[in-house]
């Protein structure tokens with residue numbers, strides 16, 4: 001959530017910044033007008049409370065002197081009623097103010113490319129040239145189906161579209177990838193966490209998914225009343241429980257940065273994705289991902305973003321997967337992010353790069369919503385800065401391995417870094433079908 005004081009005192013700057021993220025200037029004018037009305041009502045209420053205290057002292061003194069205080073008591077009752085009305089007005093205006101604030105995205109960094117969509121993203125660097133095969137590459141969904149290690153048809157019957165079964169070497173490969181990621185992340189100084197996969201509404205609001213993106217997730221309903229949702233949602237990313245672990249806490253600034261990593265399922269409705277990536281592992285309702293989260297101080301967050309991005313790049317390099325790093329434009333960056341680098345891995349059959357990780361600096365945006373603070377060496381409290389990045393999306397990594405390491409005979413070589421995690425397996429060959 002943005003700081004209303006920053007918006008109030010830098011209105012033109014705020015309008016210019018948020019215009020690059022699709023926010024109309026009238027929205028900020030409305031917000032500032034509500035804030036002005038709220039502060040005026042609050043000031044008047046506080047003045048009346050001070051007056052009430054003074055009159056209360058006068059009444060007490062009059063009673064001690066056995067003097068008539070009936071007029072003062074009547075006046076104080078009128079003041080009390082006015083205070084009650086003003087406090088209700090402040091409460092209503094605060095709700096209106098927060099309604100707008102909770103739906104405003106983060107301010108973009110000055111270094112972000114300015115533009116309304118992904119076509120304005122800018123390549124920052126590239127690692128290795130795209131894989132060139134001397135035969136026509138197959139897409140990963142064909143490879144997985146022909147090797148009988150991925151089964152979308154049965155998953156569609158059991159669950160629906162955008163679900164998959166991993167089998168045999170496919171299941172082993174997915175597990176190998178996730179374990180490899182966790183091992184590498186912990187070597188890089190991250191503490192492994194196994195978080196809850198269901199979180200409450202306060203947690204979803206804390207990291208910015210609620211209230212704006214309720215249609216993108218799966219919420220648990222009450223069996224007794226299906227129209228009444230419970231206060232539990234399946235996590236769309238482990239970022240939610242990892243960041244919210246620190247919600248409401250005051251941290252020791254000397255202990256920062258705090259680095260945590262988690263492997264978890266992720267559940268997404270993919271609202272608005274009809275017709276996009278209907279085949280394969282790129283866009284699923286349920287998938288696995290390893291997440292990295294950093295809680296840092298305000299001075300170091302930009303350096304920590306570079307470290308986070310390099311941590312994610314290191315994983316792709318160890319797997320020998322060509323990729324490039326892209327700085328997202330103001331119109332393509334996520335709601336909570338001030339700056340995002342996307343890592344996009346090369347997919348030979350699609351003849352293009354596809355996103356496999358987003359590394360973001362959310363500055364104090366999530367910390368203000370979640371009240372995550374730290375105390376500096378002088379005892380002063382500050383809002384922390386939060387960063388998050390995929391390290392990496394497991395299913396998309398499996399897809400990239402199948403496409404980049406495929407052989408002409410349909411088999412797939414196992415990247416050297418993963419062979420110890422796959423019981424020494426070097427080549428994935430066709431699996432027998434169950435009961436056939």
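Note that Cβ sites are derived from N, Cα and C of the backbone, with glycine treated the same way.
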Listed co-binder of L-serine (same site as 237, 238, 239, 291, source Swiss-Prot) among 119, 370, 390: 390
Residues flagged as region 'Disordered' in Swiss-Prot, choosing from 43-68, 69-94: 43-68
L-serine site, defined by 237, 238, 239, 291, 390: further same-chain residues with Cβ within 8 Å of the Cβ centre: 240, 242, 262, 264, 266, 289, 290, 292, 293, 388, 389
Integer Å distance between the CA atoms belonging to residue 239 (L-serine binding site) and residue 355 (ATP binding site): 17
Alpha-carbon spacing, residue 357 (ATP binding site) to residue 390 (L-serine binding site), which is rounded to whole Å: 5
For the compositional bias 'Basic and acidic residues' (43-55), residues assigned helix / strand / coil by DSSP: 13 helix, 0 strand, 0 coil
Rounded inter-Cα distance in Å - residue 269 (ATP binding site), residue 237 (L-serine binding site): 12
